[in-house]
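Step one of this worksheet: look at the structure below.
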Amino acid sequence: MKMNFNVLDIMEAMGSLESVKGDTKERKLFANFVCWLLGNGSLLAWNSMLTIEDYYSALFPKFHPTRVLTIVYQPCALITIGILTYREAKGNTRLRNLVGFVLFFVSSLGLIILDVATGGEGGIGVFLGVCVASAIFGVADGFVEGGMVGDLALMCPEFMQSFMAGLAASGVLTSALRIMTKAAFEDSQNGLRKGALLFFAITCFFELLCLFLYAYVFPKVPIVKHYRMKAASEGSLTVAADLAAGGVKHRSQSQIAAEEDPQLLGRLSTKDLFLQNIDHAISLYLIYVLTLSIFPGFLSEDTGTHRLGTWYAIVLIAMYNVLDLIGRYLPMIECIKLTSRKGIMAATLSRFLLIPAFYFTAKYGDQGWMIFLTSFLGLTNGYLTVCIFTEAPKGYKAPEQNALGNILALCLLAGISSGVTLDWLWLIGKGW
């Protein structure tokens, strides 16, 4: 089945790779960079909230803010992405992602307004307001993560890898900013609060940047138009709005509506795609169950007192984020990229040995061993994530790749939600 596009637009989009062979590499690098920035924006707001846990812990000492905010965030993200994955074939990917970035911006701005309006005071009312912001971040994540992963799944694997690296880079960026702001304001009055406000001011600016990039820049990149035209020619309906934004004419809504039944598109159903990739789905789920049962709650509250003092949790979170980012670039080296499904599953299951390792290190080890384990946790998390997301979509048509990307993102968030729930088990025997 073919979509009815303007002939000149087809020639421009489909022929773009052939007509610009001399600078294809530069075009691809630019598209990779934009994907990396969009990955940053997809998690920057949430990572900012996590990274200022020392401020929230001081502001709300009785409420376990790191754990509570995470457990508020994740169900909202999971429910949102679950609904959108179910309706994926009929969705408007462009609108979905734009709404997500708008929500990230609005909620980040709301946190600044809330803090300024209350003068940095604690209390249950303010904490509930912060929880509402966390819930909105979760909804925004459900919009953006599944939408972007599904969209990039029908393009080249390098774009997916860049987006995933951007997700990890947001953690590195927030950790670096937190270290700088903590050092800059540590000796000043209300230093924690000033650093937190600066944090979210930067976040607001970055979310606006991502909104602009996705709305006006990304759809017009020739190589992106090429992949979306190819997807449309294979029956994908989710790219229509993005193609229109890129200047490519598309079918009317009435014509699209007549073709919304996935059966008419000749594609596998969501259920069939899930069953064919159930091993990848389980691996992603288990990767994030383990990671989020340790990070950030256990690292923030249960690792004891060490020479680094108040810097200890910040250093641990920073090391996790840095090694997670490095791990997401390792699959670019083909000789060490894990492509075997059995190999990925074996590596995923072996990571569960980290649970007793963290337990005994927290109880008997020093901070050096804890930093090493945290680094290894981040490295394997990033490496295995990219291996799965870049290998799973291969061999499918564009509409199936988009659906599979949404399924895998759903499994990832399901693993995160389960992990942050299990993270509370570390509190057993400590007054709970």
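In case you wondered, yes, glycine gets a Cβ from its N, Cα and C as well.
TrEMBL does not curate its annotations; it predicts them automatically.
Annotated features in TrEMBL:
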type     : residues : note
TRANSMEM : 29-48    : transmembrane segment
TRANSMEM : 68-86    : transmembrane segment
TRANSMEM : 98-118   : transmembrane segment
TRANSMEM : 124-144  : transmembrane segment
TRANSMEM : 165-185  : transmembrane segment
TRANSMEM : 197-218  : transmembrane segment
TRANSMEM : 281-299  : transmembrane segment
TRANSMEM : 311-331  : transmembrane segment
TRANSMEM : 343-362  : transmembrane segment
TRANSMEM : 368-392  : transmembrane segment
TRANSMEM : 404-427  : transmembrane segment
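Within the same chain, residues 50, 53, 66-67, 70, 274, 313, 316-317, 320, 344-345, 348-349, 351-352, 354-355, 358, 362, 374, 377-378, 381, 384-385, 388, 407-408, 411-416, 418-420, 422-426 sit at least 6 positions outside the transmembrane segment (281-299) and bring their C-beta atoms closer than 8 Å to a C-beta of that stretch.
Touching of the transmembrane segment (98-118) and the transmembrane segment (368-392) is ruled out by the presence of fewer than three CB pairs under 8 A, sequence neighbours closer than 6 excluded. Ranked by Cβ pairs under 8 Å to the transmembrane segment (124-144), the stretches 68-86, 165-185, 197-218, 368-392 are led by 68-86. For the transmembrane segment (165-185), the most Cβ-contacting stretch among 197-218, 343-362, 368-392 is 197-218 (pairs under 8 Å). The transmembrane segment (404-427) makes contact with the transmembrane segment (68-86): 3 or more of their CB pairs lie within 8 A, with pairs spaced 6 or more apart in sequence. For the transmembrane segment (197-218), same-chain residues at least 6 beyond its ends with a Cβ under 8 Å from one of its own Cβ atoms are 31, 34, 37-38, 40-42, 44-45, 48, 51-52, 97-98, 101-102, 104-105, 108-109, 111-112, 115-116, 174, 177-178, 181, 224, 245. Against the transmembrane segment (311-331), stretch 368-392 has more CB pairs under 8 A than any other of 29-48, 343-362, 368-392.
Taking Cβ pairs closer than 8 Å, the transmembrane segment (343-362) reaches residues 279-280, 282-283, 286-287, 290, 293-294, 298, 302-304, 369-370, 373, 376-377, 380, 384, 387-388 in its own chain, all 6 or more past its ends.
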